[in-house]
Amino acid sequence: MKLVIVESPAKAKTINKYLGDEFKVIASFGHIRDLPSKKGSVLPDENFAMKYDISDKAGKYVDAIVKDAKKADAVYLATDPDREGESISWHVAEVIKEKNQVKSDDFFKRVAFNEITKKAIIHAVENPRKLDTNLVNAQQARRALDYLVGFTLSPLLWRKLPGCKSAGRVQSVALRLICEREDEIERFKSEEYWDISLKMQNSNNELFTAKLTHVNDQKLEKFSIINEKNAKDLTKKLKSHKFHVDKIEKKQQKRQPQPPFITSSLQQEAARKLGFSAKKTMQIAQKLYEGVDIGKETIGLITYMRTDGVTLSNDAIADIRKLIDKSYGDKYLPTSPRIYKSKVKNAQEAHEAIRPTNITYTPDSLKEKLDKDYYKLYELIWKRTIACQMENVIMDLVVANLASENKEYLAKANGSTIAFDGFYKVYRESMDDEAEEENKMLPPLKEQEPLKTKAVIPNQHFTEPPPRYSEASLVKKLEELGIGRPSTYASILSVLQDRKYVALEKKRFIPEELGRLVTVFLVGFFKKYVEYDFTAGLENELDAIAAGKLEWKAALNNFWSGFNHNIESVNEQKITEIISYVQKALDYHLFGENKESKICPSCNTGELSLKLGKFGAFLACSNYPECTFRKSIVSGNDNNENEGEPAAMPNENKVLGTDKDGVEIYLKKGPYGPYIQLGKQEGKVKPKRSPVPASLNQNDITLDIALKLLSLPLKIGIHKDSDEEIMIGYGKFGPYIKYMGQFISVQKKYDFLNLSLDDAMKLIEENKAKLEKKQA
């Protein structure tokens, strides 16, 4: 009997039907050994000896593997064709050797295949190789690095920053990206700018729009028109001028298809087009690779999904070209196949790109046989694969340059049409933060043709901060920086969310306060180890180990000597020094530019500063113990914000009533006090919440009060002198009114939930000098 060992039962089931009765295919159910989560699993002083354990969960599977291996003439290790798969095979072989006293490595045969089809499986079994110790060593080195960072840095975090959970080698760098982007957004100052649109009519009475580009031979830059007055003055002048078509430019533009999918581009495109998380994409892709029941048989529908290679096999290209010719015609088929080269930093090109194993299985032919989400992802992969071998898209571009009678003013109108749809016939790539304007046609125009100006429209704009990272754009950024590998992107994103370091809201990552604390600490005290270049450099070293160009324990020693010294150094630092640094680094985030926001909202004389307690970080008044105000900046599971110490509440959540849509409103108890919640939490989507101010007794909270709290920030009215709106809100430091972009604290003597417009204007008048100083 020949024993074949794979990772999963699904994969075993698919492969089993391709092999004869002499083979028995069983599953290891993933890794059978791992480093236990305790001190001493990696021993730097013993040349980085690694103490692996068989988990309780894996025990019964190991017993079955060992039992079957005793009866086998040979063991075929058929795990996935990457470092992780090689590592699983190595662990299986080591356990069998240990349990059965097998001495010869010839007993084990490594078989690797990129797709689970009969042809690929038979070829792999007929052409086995030995285990690649370089790949195994690279995986062991990665595992050791992650362990050494996690089990030395995390305990230090717990001591120096109570409430922080752990720090991972690669996850911490991804977290830094998210936090730094949030810093950019917080510090961003929006600037006003204007442009001028001209609604024009040609001699055939057809309308089109042009944009003003030059005034008196001066090109208009983004900030040439900076306010409404400038824009209106220019608009008035333009209305008195007549325009004509000065010059028409026509050209064609070719657009080439994107390469077939690799792991990162599949995750990005599935996020954009399908709304899938990276984790969900990989779970579905795994199933499509391992085998799906399509009625008459179970078959692997796509090639291996963890890859950074963009190549396709010659056989696959031939099949794709044949289908293009048959289904779309020869005009959609280039004269020669398209060959792609990877743009990914340090791409291994070890595997093919992700493609269907049989291109003739069209999405339509499988629609009734696949789960809805399976179908969507398969369709995406199929279309991208077909498109990558199709002809270019050809665009006709037209630029009409317009001029006033003396050429004092110049304008431009652009138009584009698709002359030949090429690969667009099948597939278009999505963009993360931009939209293309296509088929924006101009009416027929002639040079020197007089035009009528139907309208001159000034358009106000404001510069916008950089967007928060989506899953797609974060994976793209990690890939550009050379951080992580195809097998790690999904887990990086999942771990950050599981640790509550980031939240995913409206499909964008927002750092939680806990995540910002960790990032500030690591950047301040372990800067080298969260540098992007350093982390990418470690990935390069792991690649070199996999290629047999670097000894893995030498790489570990090089890392550990510096990292351990850094740990010992920070261990000696006083917590007060660390708190001082963290507060300084978070000062802008916590208080903004306004120094007055540091004043305690309770006593109005003390100053707020960062403190650390056993439950995490909080702000406290410098007048303690006379003033006991405190405000948590790291929320618990309920993620509510509240000032003051939590008051006593009944253990049960209280239903106050329902809103106008019939959604229940709860008064709930959190670790930092009571809060209002709209509806129940479903999955990871957080319902709307509002803290109950310390000035309110929770026993007096009515449905009316709860609805008011949930409605904040709320418009009070319009200031009679400026026609600017006045808003009331409740923030980190209590109630406030917002007027002309400035914030004014509402003192305790006011009932802020029922603040009148007159009282609001009175507060503004009292703070007039401060507001003018800020605006100056």
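Yeah, the Cβs are placed from backbone N, Cα and C, and that goes for glycine too.
As given in Swiss-Prot:
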- 1-111: domain 'Toprim' (DOMAIN)
- E7, D80: Mg(2+) binding site (BINDING)
- H31: site 'Interaction with DNA' (SITE)
- 132-568: domain 'Topo IA-type catalytic' (DOMAIN)
- R142: site 'Interaction with DNA' (SITE)
- R143: site 'Interaction with DNA' (SITE)
- D146: site 'Interaction with DNA' (SITE)
- W158: site 'Interaction with DNA' (SITE)
- 166-171: region 'Interaction with DNA' (REGION)
- Y304: active site, O-(5'-phospho-DNA)-tyrosine intermediate (ACT_SITE)
- R306: site 'Interaction with DNA' (SITE)
- R499: site 'Interaction with DNA' (SITE)
- 600-627: zinc finger (ZN_FING)
In sequence order, the recorded positions (D80, R142, W158) whose C-alpha falls within 10 A of R306 (site 'Interaction with DNA'):
D80
Within the same chain, the residues 6 or more beyond the ends of the zinc finger (600-627) and with Cβ under 8 Å of it are 161-164, 513-514, 517, 575, 579, 582-583, 586, 590-591, 633-634, 636, 643-644, 671, 694, 733-734, 745, 747
I'd like to know which of these recorded sites, R142, R143, R306, is least surrounded, judged by other CB atoms within 10 A.
R143
Roughly how many Å separate the Cα of Y304 (active site, O-(5'-phospho-DNA)-tyrosine intermediate) from that of D146 (site 'Interaction with DNA'), to the nearest whole number?
25
Who sits close to D80 (Mg(2+) binding site): which same-chain residues at least 6 apart have their Cβ under 8 Å from its Cβ?
E7, I88, Y304, R306
State which of the following recorded positions has the fewest other Cβ atoms within 10 Å around its Cβ: W158, Y304.
W158
R143 (site 'Interaction with DNA') and R499 (site 'Interaction with DNA'), distance between Cα atoms, whole Å
20
Between the C-alpha atoms of D146 (site 'Interaction with DNA') and H31 (site 'Interaction with DNA'), the distance in angstrom, to the nearest integer, is 17
Closest of the recorded sites to H31 (site 'Interaction with DNA'), Cα to Cα, picking from R142, R143, W158?
R143
What Cα-Cα separation, expressed in whole Å, is found between W158 (site 'Interaction with DNA') and R143 (site 'Interaction with DNA')?
22
How many neighbouring Cβ atoms, not counting its own, are there within 10 Å of the Cβ of H31 (site 'Interaction with DNA')?
17
Quick one: mean pLDDT on the zinc finger (600-627)?
84
Could you check the recorded positions E7, D146 and say which one's CB has the fewest neighbouring CB atoms inside 10 Å?
D146
What is the number of residues in the region 'Interaction with DNA' (166-171) that are helix, strand and coil, as DSSP sees it?
1 helix, 0 strand, 5 coil
